[in-house]
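J.: Below you will find the structure I want to go over with you.
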Amino acid sequence: MSSVKRSPKQEIVTQFHCSAAEGDIAKLTGILSHSPSLLNETSENGWTALMYAARNGHPEIVQFLLEKGCDRSIVNKSRQTALDIAVFWGYKHIANLLATAKGGKKPWFLTNEVEECENYFSKTLLDRKSEKRNNADWLLAKESHPATVFILFSDLNPLVTLGGNKESFQQPEVRLCQLNYKDIKDYLAQPEEITLIFLGVELEMKDKLLNYAGEVPREEEDGLVAWFALGIDPIAAEEFKQRHENCYFLHPPMPALLQLKEKEAGVVAQARSVLAWHSRYKFCPTCGNGTKIEEGGYKRVCLKEDCPSLNGVHNTSYPRVDPVVIMQVIHPDGTRCLLGRQKRFPPGMFTCLAGFIEPGETIEDAVRREVEEESGVKVGHVQYVSCQPWPMPSSLMIGCLAVAVSTEIKVDKNEIEDARWFTREQVLDVLTKGKQQAFFVPPSRAIAHQLIKHWIRINPNL
């Protein structure tokens, strides 16, 4: 049988792949210097030079190709990446090189354009006006201003009421109870029993200020409607509810907080996170003595005169935010995604993997570490998408897309209960039909849902 005649390009691709398979670094370098476009060229079976080097145990070739920026996420016709091949043939050193390499070419199915979006808990009614936090006289005047808005909390649960048309078949809208000075002045008279936080001023000037023109001297009116969060103890909260039968404290936090109007949810996220910090830091982390609240609720100051925390700026004196990575892990071929579940989840719910960023760690490295720890899957390229404040009690969810460079799942049962690859079609069915399917994902107001939808929207014709 006569052999099929190859084109000049096919011939040079074959030579390039053979040099990788044979470990001939000199020949490989020479070919690539004349034809750099060959770096990610595939053979008829979908293999790249990187795959041939991984299959035949040539770490120096693998290292060279990685330094040139080859794409580790390419899959062959057997749905294997170069890392999968190295692991299968037992080349641990090469597998480690492929798993830990950074940079490289962005996978073809990811776009360069990432539209900025506002997730739930991100929108707000307020300008925080941080420059007013040190102005004690201004804050005191605003506390008693008739237009000032107070939102009440007990055990970090906001006081709400049902809005909208109660005769409608739709679920009633949950809204914050916006209280005024007269409603809560008795609590303000007992500062040692409450926690008061200045949240900011309304972004839009309100006509309601005109209603109080006679109550506030004109020279003292600055046109700003201030908002405060007020934390009270459970006994006081119960007494307040008895006097206001149409109000109740919204709990448990999840999923109850997802019922709020979007802009009010942003206010609650701010207030709840700061109140949670105060509930945990009543005593100085440096020396153990008591502390007092300053700067409108955004600082705690130690009462001990010689405490080191009084010298300089210390992060223990200010509200903390815990950064968390949450990632939509994409299969190397771009057609599937990795979702997992914890034991505490409702039956059938799967979501994006997530975990806290550790000290001295980048977002990208945290994504790679968490995915591998929980699922055993190795990740290469990481791309930021959007973020979401998450007041449980004070996290910032940093949403990313992460492209896998291996496909075998090995779940750590101490981390999660299960993890699986789901096809684009399966995920689309879940997004359009909801819980009618065999599994479901978090609601639309969770960033995990938005990351999943973001993946579906890119390259929809795959």
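Glycine is no exception: its Cβ is also placed from the backbone N, Cα and C atoms.
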J.: Have a look at 157-178, 355-376 and point to the one annotated motif 'Nudix box' in Swiss-Prot.
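T.: My reading of Swiss-Prot: the motif 'Nudix box' range is 355-376.
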J.: For the domain 'Nudix hydrolase' (319-453), what's the model's average pLDDT?
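T.: Here the mean pLDDT over the domain 'Nudix hydrolase' (319-453) amounts to 94.
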J.: Taking the recorded Mg(2+) 3 site as Glu370, Glu374, Glu415, identify the other residues of that chain whose CB atom sits within 8 Å of the mean position of the site's CB atoms, giving them in sequence order.
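T.: So the additional residues around the site are Gly340, Leu353, Gly355, Val371, Glu372, Glu373, Ser375, Asp412, Ile416.
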J.: What does the DSSP secondary structure composition of the domain 'Nudix hydrolase' (319-453) look like, as residue counts for helix, strand and coil?
T.: 33 helix, 50 strand, 52 coil
J.: Which residue among the binding-site residues Glu370, Glu374, Glu415 has the fewest other Cβ atoms within 10 Å of its Cβ, if you could check?
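T.: Comparing Cβ neighbour counts within 10 Å for the binding-site residues Glu370, Glu374, Glu415 gives Glu415.
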J.: I want to check the contact list for Cys284 (Zn(2+) binding site): same chain, sequence separation of six or more, C-beta distance under 8 angstroms. What comes out?
T.: Gly290, Thr291, Arg300, Cys302, Leu303, Lys304, Cys307, Ser309, Thr316
J.: For the recorded Zn(2+) site, whose residues are Cys284, Cys287, Cys302, Cys307, find every other residue on that chain with a C-beta no more than 8 angstroms from the centre of their C-beta atoms, and list them by sequence position.
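T.: For the Zn(2+) site, the extra neighbours are Pro285, Thr286, Gly288, Asn289, Thr291, Leu303, Lys304, Pro308, Ser309, Leu310.
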